[in-house]
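The transmembrane segment annotation in TrEMBL covers A:31-54, A:60-75, A:82-105, A:125-147, A:159-180, A:212-238, A:259-282, A:288-305, A:310-329, A:341-358.
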Amino acid sequence: MTAEVESVEAVGVAPAADPGFLQRYGASIEYVLIPCAALLGALAVFGGFVALYGKNPLDLYFYMYYGAFGTWFSWQNTLTRAAPLILTALCTALPAQLGMVIIGGEGALLIGALSATSAALALQGAAPIVVQIAMVIAGVIGGGLWITLSGGLRQYRGVNETISSLLLVYIALAILNHLVEGPLRDPASLNKPSTREIGAANMIGTIPGTDVHWGLVFGLVAAVAAYVLIYHTTFGFAARVAGGNVRAAKIVGLNVGRLILTVCFLAGACAGLAGMIEVAAVQGRTNANLAAGYGFTGILVAFLARQNPLAIIPVAILLGGISASGGLLQRRLGLPDASVLVLQGIIFVFVLASDALYGRIGLFKGKS
Amino acid sequence: MDFGRISRRHLLQGSAALALGSTLGIRGAAAAETTIGFIYVGSRDDYGYNQAHAQGAAALKKLPGIKVVEEEKVPETDAVEKTIESMINLDGATLLFPTSFGYYNPHVLKMATKFPKLKFEHCGGLWSEKDPKNAGSYFGYIDEAQFISGIVAGHSTKSGKLGFVAAKPIPQVLRNINAFTLGARLANPKATTQVIFTGDWSMPVKEAEATNSLIDQGVDVLTCHVDGPKTMVENAARRGAMVCGYHVNQSPLAPKAYLTGAEWNWEALYPKFVKMITAGEAIPNFYRGGLKEEIVKVSPYGEAVSAEARKHADDVKAKFMAGDFTIFKGPVVDNKGKTVIAAGTDRGQQDPELEKMDYLVEGVIGATA
């Protein structure tokens, strides 16, 4: 933001001296160029790492491209994997506007899935559209309230929201296991304790012409809505003010407590929706399989996207692509599964380190 | 900083990669051999469940005309569907072994419906008539091997206290605990098995805690049913206790403490499956077996196993091989005093009632809930 303001001022102060294309759009270019450069840097280092194992880095790059984006199937594979990540990333990115670090999206996802499944099981026999809408509502409310707990603990009891949201993940998992192995267990699920199935008619299916489920559309809509909310509404402006300086926000009369609770609810609602979609589009019931780590990967996505809801979309697709191509790396190059984690780690470090570059590249600076 | 130069170099590298890679891709697709895909839920060198399957896959690699592609750490979500499709679309796999229990419903069933011409062999699922015909499920009655382990453990224990580190109180696990205990009490009627459930398939920290806690209570022989027995085996050996292994042979981890163990024999079954397919025979959709059918086996005895124990175990094993031994033979009483199998009732290997087991037999210290 500051870099943008600077360049705008530069234009305003010295209109006679033509600032040129680079200076005028420097900040925007930086936002695209720096992450791309960080990504390329990470790929280069990962190539070196793979070369140490005696594999050809050029093969590596090709298979990564081929497995993630090389064919129509690969694209669908990538998008399917990206779908839940967009929603769970929003669970971290929204509270980040308020300066909060919420890392408990996984818990909200599990509670959302559990709530949605319970709603569907309670409404067996109703029209599928009714069941589906009830599932969305239940998932959103369940997940929303879960993260609101962290927000409330922070607002009313001064508990660090990062710790509380993380610990709540384990509580959510314990609740899920308890219910799935106890009261909600389908007696027929002998060796894999699960709830009853929600029924094939109530599944939300795939986007016509593709193998990608509707979760992708939910994710895209939620990301755009979150962007509009944060950057184009007074609510979002208030949230960012409170995120920048809580005391100043209070002085100008903003109800910071309400902002925290509302944003936490919206954040949890996104992750809860991801849980609902995992049930309604993939698993068809709730069991321990839902704890697949989407909530945790979402944290990575949010940080790589620098907490910008729109940037979350390409970043989620990128990470979806990395995980989609991970299988091919194992199969063709004989790399262990952990190599994908190594790459994710290297990218993370590069992107965080590249943060220091914003506004410091002379080429893009406005003259002042 | 000059980004232009860097990105130009990367572009050049990238296009070279593309040119090289596409030739590789074509070569892979044109190869005229049968490609078999193996999918594991954990890592294939876990000294446990996944390694057992990987050993089976390794046996297939030795067959001529067979190419094996493997992927590890694939979660039980739509990720496994995508892995299956990727193996089919990009590697040309025609036979798939998704080896984790949770892959079956809905993922394997969905893929088997989508690719009706390809074959899916799933480990552990309960195939039923309504499932696709090109899908099948196989599994082994590994409780037979656990029973033999129990006999050896019963002879080897000095305190009469045995320990069992278990994942979840589900029928498959309970059956192993019960078989192990019944075997141990055949050798030593006073032996007891203390069981600790960790709550999930791979919980190394809890498994280590359970192992230590059991040994602190005087247990001197341990076994387990978790995905990776490595933690239990190494910790128990370090504390001076003896162990019976599970899934694969863990004796390299603890050569002195390792008595015997219940192992899968996938390296015998998988080549058999492939030969059946090559010969045009149909693999039964529901395929089961125990020691006799060579789906499970018992690890070679360790040096600490006495001659008496060896003889007893070998005698019972011979009866299993001849097909005339029943583990769950009435009367069987559970550890709450209730008769669960009436006198005169034999629940043989394939009895469907055993698939619903929800009790722990007399001699087991612990509860299912």
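Every residue, even glycine, has its Cβ placed from backbone N, Cα and C.
TrEMBL annotations: computationally assigned, not manually curated.
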Any contact between the transmembrane segment (A:212-238) and the transmembrane segment (A:310-329)? By contact I mean 3+ C-beta pairs closer than 8 Å, pairs at least 6 apart along the chain.
yes
With contact taken as 3 or more Cβ pairs under 8 angstroms (pairs 6 or more apart in sequence), are the transmembrane segment (A:31-54) and the transmembrane segment (A:341-358) in contact?
yes
So which of A:60-75, A:125-147, A:259-282, A:310-329, A:341-358 is most in touch with the transmembrane segment (A:82-105), counting Cβ pairs under 8 Å?
A:259-282
Pairs 6 or more apart in sequence, C-beta under 8 angstroms, 3 or more of them: is that satisfied by the transmembrane segment (A:310-329) and the transmembrane segment (A:60-75)?
yes
Where, among A:60-75, A:125-147, A:341-358, do we find the most CB pairs under 8 A to the transmembrane segment (A:259-282)?
A:125-147
Beyond the flanks of the transmembrane segment (A:60-75) by at least 6 residues, Cβ under 8 Å:
43, 46-47, 50, 320-322, 324-329, 332-333
Which sequence-distant residues neighbour the transmembrane segment (A:341-358)? Criterion: at least 6 residues beyond either end, Cβ under 8 Å.
3, 30, 34-35, 37-39, 41-43, 45-46, 49, 300, 303-304, 306, 319, 322
